[in-house]
Amino acid sequence: MQAVPLTRIDEEKNWQTILAEAVRDGHELLRLLQLEHSELAGQLGGDGDFPVLVPRPFVALMQQGDVRDPLLRQVLGQQEENRQVPGYVTDPLGEQPANVRPGVVHKYHGRVLLIAAGGCAVNCRYCFRRHFPYADNRVGRKQWQEALEYVAADASISEVILSGGDPLLLDDAALARLCGQIADIGHVRRLRIHTRVPVVIPQRLTPALTGMLADSCLQATVVLHVNHPAEIGHELVRRLEPMRRQGVTLLNQSVLLQGVNDDPEVLCQLSEALFAAGVLPYYLHRLDRVQGAHHFALPDERVGELYRYMKEHLPGYLLPRLVCEEAGQPHKTLLMV
Ligand SMILES: *Cc1c(COP(=O)(O)O)cnc(C)c1O
Ligand code: SF4
């Protein structure tokens, strides 16, 4: 099996061009991986409101000819998603009640989440935000203003988390403007960016972005979302290095996914590969029960087995906290297994 030879071309392009050229069709994705005649071709489908979207640098990390590629499984829309399964709902986290202003989710003490951008660079099939009403949370200048006023009015908020969608779909100038405005709020000391864009388009980690985060008077953290060690390519490692060197804290969160990372060795390799890239594992999420994602769920006993293996094989600092979100709770729930 061979990786798709696309990376060399992509390095010369900017991230916006790479995003514009993302694969948006399941058949094309299968063709690129020489899987158009595999059993996957007959299973294509999925939610029309949540189309296939996958940038080519991420495709280049997949193995050609492998129907079980763990990266492919995360992004290929399948008919299975349309099956209604009891217990799987459209808003499993109860975020809509915590949506205190357009674009602001304030659930936890001291931290507020700003929906800084509506879309993502990749549509992950298991995503708990696939039914989120982004249209009602459109983030124009006016919404930012209202969101910032909300943060400014609550002195208990010491950390602003840019989330989405994916905040790194904003360009560097817009991000710099937003970060500057956040930094002007005296009681905010920390800025966090939750993003998956660098995993699928490492070119998004521009020197300008790195410089902006390093130079901000806010203490900056980037929380990546990597689920499998094969997602950590050379270009990502190369571009994370200057961020870390310039004092940006790098963390990762993962989701436990059937058919992707439900393997104890893979999970240990993920922690080690992250650390080798200067990134500390932060959270390991149990899958939220979102409609359309039931086929990624693991039985609780299996989750326990996997996590116990990690505890027994990893140093404590490479063990992510196993959590889930329960609607109405004031923090993420630590799972004891
Ligand atoms: C996960 C989450 C946070 C961040 O929680 P930490 O435990 O600080 O990482 C903040 N707000 C919301 C709404 C969240 O879902
Ligand atoms: S990048 Fe994150 S928010 Fe966007 S679809 Fe994937 S998991 Fe969901």
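Note: Cβ is positioned from N, Cα and C throughout, glycine not excepted.
Automatic prediction, not curation, is the source of TrEMBL annotations.
Mean pLDDT of the predicted structure over the domain 'Radical SAM core' (106-330): 94. Under the heading domain 'Radical SAM core', TrEMBL lists 106-330.
Feature annotation from TrEMBL assigns [4Fe-4S] cluster binding site to C120, C124, C127. Following the DSSP three-state reduction, the secondary structure of C124 ([4Fe-4S] cluster binding site) is coil.
According to TrEMBL, the feature N6-(pyridoxal phosphate)lysine maps to K332. Other Cβ atoms within 10 Å of the Cβ of K332 (N6-(pyridoxal phosphate)lysine), summed over all protein chains shown, number 16.
Proximity of the recorded positions (C120, C127, K332) to ligand 1: a Cβ under 6 Å from the molecule is found for K332. When the alpha carbons of C120 ([4Fe-4S] cluster binding site) and K332 (N6-(pyridoxal phosphate)lysine) are compared, the span between them is 23 angstrom.
In the three-state DSSP assignment, the secondary structure recorded for K332 (N6-(pyridoxal phosphate)lysine) is coil. Packing around C124 ([4Fe-4S] cluster binding site) is summarised by its Cβ count: 22 other Cβ atoms lie within 10 angstroms of its Cβ, all protein chains included.
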